[in-house]
Amino acid sequence: MPSSEVSKDNYVLETAPFDPRFPNTNQTRYCYTSFLDYHRCQKARGTNYAPCEYFKKVYTSICPHSWVEKWDGQLEEGTFAGNI
Amino acid sequence: MQGLSLSSLKKHRALIPLYAIVGLGCVGAAFYTARLALRNPDVAWVNKAEGASNEAYRSKQYKFYSPNVDYSNMESPAPKY
């Protein structure tokens with residue numbers, strides 16, 4: 001979440017909302033799909049497209065940090081398995 | 001074996017409820033497994049558009065019974081890009 005733009009007074013602490021596409025207890029796919037969607041969205045709309053940040057907010061909430069670090073590393077090396 | 005053919009089943013009528021209940025159980029198990037395999041938003045058989053298998057559920061209810069979440073006017077909050 002781009003918290004740097006939001007002042008501390010009206011900062012809302014929230015997690016990823018319920019998504020009907022992922023109704024089951026296992027949220028792994030919510031995590032991975034959001035990670036893919038964030039990078040696909042940036043690829044399609046450029047890095048300054050604000051709605052893309054929604055996906056980043058979701059995957060930083062849902063995914064384990066170690067997965068995100070691993071995937072970001074793979075993206076840098078060009079070995080990421082997903083189709084972006 | 002007695003009770004496995006229609007004519008002998010007439011002599012052993014107590015088996016009819018057994019057959020009915022076991023049959024219902026088999027149909028139910030087959031239906032539920034098939035639903036898990038074919039309708040579950042977490043399951044994809046064709047990986048053409050990776051991660052897009054559950055787009056059909058953006059505003060649909062998958063759960064049989066949902067006392068807490070009202071799906072009637074629920075839409076996925078994810079933006080479309």
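Every residue, even glycine, has its Cβ placed from backbone N, Cα and C.
Nobody curates TrEMBL annotations by hand; they come from automatic prediction.
For A:Cys41, the cysteine that TrEMBL lists as its disulphide partner among A:Cys31, A:Cys52 is A:Cys52. Rounded to a whole value, the Cα-Cα separation of A:Cys52 (disulfide bond) and A:Cys31 (disulfide bond) is 15 Å. A:Cys63 (disulfide bond) and A:Cys41 (disulfide bond) are 18 Å apart (CA-CA, integer value). The Cβ of A:Cys63 (disulfide bond) lies under 8 Å from the Cβ of A:Cys31, A:Tyr32, A:Ser34, A:Phe35, each of these being in the same chain and 6 or more residues away along the sequence.
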